[in-house]
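Participant: Here it is, the structure in full.
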Amino acid sequence: MAAPPPNPVPVAYRGVLPSVPDWLNKGDNAWQMISATLVGLQSVPGLVILYGSIVKKKWAVNSAFMAFYAFAAVVICWVVWAYKMSFGDKLLPFWGKAGPALGQKFLIKQAALPATTQFYDNGDVETAMATPLYPMASMVWFQCVFAAIALILLAGSVLGRMNFKAWMAFVPLWLTFSYTVGAFSLWGGGFLFHWGVMDYSGGYVIHLSSGIAGLTAAFWVGPRSSNDRERFPPNNVLLMLAGAGLLWMGWAGFNGGDPYTANIDSSMAVLNTNICAATSLLVWTWLDVIFFKKPSVIGAVQGMITGLVCITPGAGLVQGWAAIIMGILSGSIPWFTMMIVHKRWTLLQKIDDTLGVFHTHAVAGLLGGVLTGLFAEPELCALFLPVTNSRGGVYGGSGGIQILKQLAGGAFIIGWNVVATSIICVVINLVIPLRMSEEQLLIGDDAVHGEEAYALWGDGETYDVTRHGDITEHNMETRTSTGATQVM
């Protein structure tokens, strides 16, 4: 009998081993990869566009490039050592053991978070180890884009004056000594994870940490130049909205991918995310109209962001009506801290947080964490959390204790980030100045990068006769532009 003809289809495209092992769920894997891509798009190009557009013209290139550089730097640091510090074997109650996530044998095996097995007090297993139905490579990449956006959000606090070389040193140091601690403690199987602190998708790990670290870094770097602080108009409002839109739509992957599976909980998370963001945007805009008589586009973007941040720690844990309440509060409380408290609190006035990251991420993130402790619905909690019988305060039982756990978890993230970020900034400043030179602060992108966002002579540039023509042709009395209005 003749031998059967060889199969012309490569093994990778056959529905059999080894490319499709028994544990692989193609739907889960596809959703996780899509979610990771959506989160990545939030940063590149989302926040690259947003940062490059929301700042003064002379800082457009520098601000966009800080985000662009951070994304690339985090990817390499993540796979070389930081992933396992966040999701590997336990080294300390708040930290995993460092190690590479690069080898084929590690990356194509089934994903598993080894420190996530939850035990009862008597030693019996309460919840088994988290083992999603896709390869480690999908998990590594999904968590990588979360780490990257945390650094990029932090950058919003120090735009317009941080030395780019210092930023190049800051990114791997903060990722290693701050982000990985929060990620392991709350997600990777650390002490807050097992204690039952709820952070569905990063209200604490990403937003509270980046907001507090951003404010701390802004303190050590110092303020922008006085001219920039007094007048800092966005250079392209329409493009800013494009970046904001990518951030909003990308949040479907941010919150929808965090159950580690394409299940009913991920659907709840995506819907709640949009409900809260829309409510928050509307409330912020209404407050602007009521108190300032004008609807601010930048204000609407800030309200959108606070809504997205607030729902993040409870996206798949609360009901739709709770998402509306959270949106009302996220559109009003951060508005109040930014518009009222900030202008009256001397400490906040002294610290130049360029984009108000403290208010939009730290305040909104902590608010979301506490509200999650209030509104987390027991049935939804059972779909996701390792601690059985978890619930929010409005559902009685242990719910009251949950609010205290949320406050304690937030306090740990705040304290760690203040201390770690301060040490990192002090150490860097011993080697590299944290702050740009006065000439760079005056000129902006042209001095820092030798590049400009637009082919126009604008705010902050030193006038160069070889590039801009004879000064007498324009009947000018000065060789330096000092503000949005030129001296003619």
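Glycine residues also receive a Cβ, built from the backbone N, Cα and C atoms like all the rest.
According to TrEMBL:
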- 30-52: transmembrane segment (TRANSMEM)
- 30-454: domain 'Ammonium transporter AmtB-like' (DOMAIN)
- 64-83: transmembrane segment (TRANSMEM)
- 139-159: transmembrane segment (TRANSMEM)
- 171-192: transmembrane segment (TRANSMEM)
- 204-223: transmembrane segment (TRANSMEM)
- 235-254: transmembrane segment (TRANSMEM)
- 266-285: transmembrane segment (TRANSMEM)
- 297-315: transmembrane segment (TRANSMEM)
- 321-341: transmembrane segment (TRANSMEM)
- 362-387: transmembrane segment (TRANSMEM)
- 407-432: transmembrane segment (TRANSMEM)
Participant: Counting CB pairs under 8 Å, which listed stretch among 139-159, 266-285, 297-315 touches the transmembrane segment (30-52) the most?
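Facilitator: Ranking 139-159, 266-285, 297-315 by Cβ pairs under 8 Å to the transmembrane segment (30-52) puts 139-159 first.
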Participant: Which residues of the chain, 6 or more past the ends of the transmembrane segment (204-223), have a CB below 8 A from one of its CBs?
Facilitator: 146, 149-151, 153-158, 161-162, 166, 170, 174, 178-179, 182-183, 186-187, 197, 229, 309, 312-313, 350-354, 357-366, 368-369, 409-410, 413-414, 417-418, 420-422, 425-426, 429, 434-435
Participant: So which residues does the transmembrane segment (139-159) touch in its own chain, when a touch means Cβ under 8 Å and the partner is 6 or more beyond its ends?
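Facilitator: Contacts with the transmembrane segment (139-159): 32-33, 35-36, 39-40, 42-43, 47, 51, 55, 59, 62-63, 66-67, 70-71, 73-75, 78-79, 82-83, 86-87, 101, 107, 111, 113, 132, 167, 171, 174-175, 179, 183, 202, 205-207, 209-211, 213-215, 217-218, 221, 254, 257, 260, 353-355, 357-358, 361.
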Participant: In this predicted model, what is the average pLDDT of the domain 'Ammonium transporter AmtB-like' (30-454)?
Facilitator: 96
Participant: Okay, the transmembrane segment (266-285) and the transmembrane segment (407-432): do they have at least three CB pairs under 8 Å, pairs separated by 6 or more?
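Facilitator: No, since the transmembrane segment (407-432) and the transmembrane segment (266-285) share fewer than 3 Cβ pairs closer than 8 Å, they do not count as touching.
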Participant: Could you give the residue numbers and ranges of same-chain residues that sit at least 6 residues beyond the transmembrane segment (235-254) on either side and whose C-beta is under 8 angstroms from one of its C-beta atoms?
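Facilitator: Residues 34-39, 41-42, 45-57, 60, 146, 201-202, 270, 273-274, 277, 297-298, 301, 304-305, 308, 312, 453-454 contact the transmembrane segment (235-254) from elsewhere in the chain.
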